[in-house]
């Protein structure tokens, strides 16, 4: 039997329903792959093998009877931000040591109701704060992609018997992999690595400023951040409540559409979830885009953008034009203010949300001589450096002397960013095409990034506007850089028009193809 982990969700779904394979077989294949690869990649922080086998067995029983949901028997990885009843849920933070919730997040409950199988919990940046998956208490996730290089190899002169001439030697070039470890992006780095390295069929993720789309672009996978309110946030550990949104990371556009259909729902437990029908996103794939108006924002041509990113963008424009779309130049004038405004709003909300972690009822507790010292010691030991930095920023901008100067101004900028998009869509633009990231994946422990947090924050330059405006955005693989690393393009849509994103992303995918890392782990 061929490697079952190589099947896409749509392929596995067909084989499961056709009784060509069983849920138990494909689940065991993934558990074996995780066992072999996770020591090298660190994608999973908890593997739920026994639960996965029980869920697969139950799926097989339903499939035998011709029953089963939309994801029956499909093995998935779950980002450690999603509450999973009785299972490790720590947001990859020391402060939540040993926490196993008594509840199930709405998104994961939807997946289990549709028959999905849980393989385990995936690594991530601590409390989803990061763009490289290096802030996790459990250590960095390793990108399964590596840079490749051309080596010149000297060929020996060889002879055969009695001086018979075979080869005159000389040189030849061959491509080989660099050993340098790369980041998978963040905060959903474990999700992206697990999908890219065939350690799950698909994964849940969350996106507050680009945490689905940037890792997807860095790993050659597809990631969609749906419209704010499309998926329930109930049971998901909060970072910035007005920006957080759950979505899937998958191997191709169709798989992402299948997953989002199951993840999305209205939820009375989340007042920000929106009560509107969830469409059949998969049905949008393959529809022509002839006559669709695609906007190209001039403000996304940033200083110092690498040539390969601009070239990729132009290639994407050509693909959509060739498919019959009308390309129009647009302006989103407040784009340049999005990143500084985001890094005021998000930390402000985080400082409020993270105030609840005090060591009293659950998680880490470091004793002190009184309750105040216990709070101080617990939070000092429990939170990592980046989380502390953002709590301090948030507390500062919310303080009495600076609230008007920073937080209030940032919220005004947010409204202007939202209005920019509204004006463009009102003018008839159907979808906006931009790069997903300003570069390909960079190295683990990059000295420039470590020395200047702002450089790390700039990884979100193309993605934060989408969160600030509450819009849907999808990252789709579109090519490789000169060193063989994946690059992605981003599509931004009107509110609740994820179908248009899937429809357009499928055109890019068909033109660009799909990308898989060369296995080294």
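Each Cβ is built from the backbone N, Cα and C atoms, and glycine gets one as well.
Every protein chain considered, the tally of other Cβ atoms within 10 Å of the Cβ of residue 79 (active site, charge relay system) stands at 31. Here Swiss-Prot flags 79 (among others) as active site, charge relay system.
The number of other CB atoms found within 10 A of the CB of residue 187 (active site, charge relay system), across every protein chain shown, is 34. Summarising the annotation, Swiss-Prot assigns active site, charge relay system to 187 (among others).
In the three-state DSSP classification, residue 211 (active site, acyl-ester intermediate) falls within coil. The active site, acyl-ester intermediate annotation in Swiss-Prot covers 211.
Under the three-state DSSP scheme, residue 79 (active site, charge relay system) falls in the strand class. Put simply, residue 79 (active site, charge relay system) is 11 Å from residue 211 (active site, acyl-ester intermediate) when counted between their Cα atoms. The Cβ neighbour count for residue 211 (active site, acyl-ester intermediate), using a 10 Å radius and every protein chain shown, is 37. Comparing residue 79 (active site, charge relay system) with residue 187 (active site, charge relay system), their Cα atoms are 10 Å apart once rounded. For the recorded site, residue 187 (active site, charge relay system), the DSSP three-state label reads coil.
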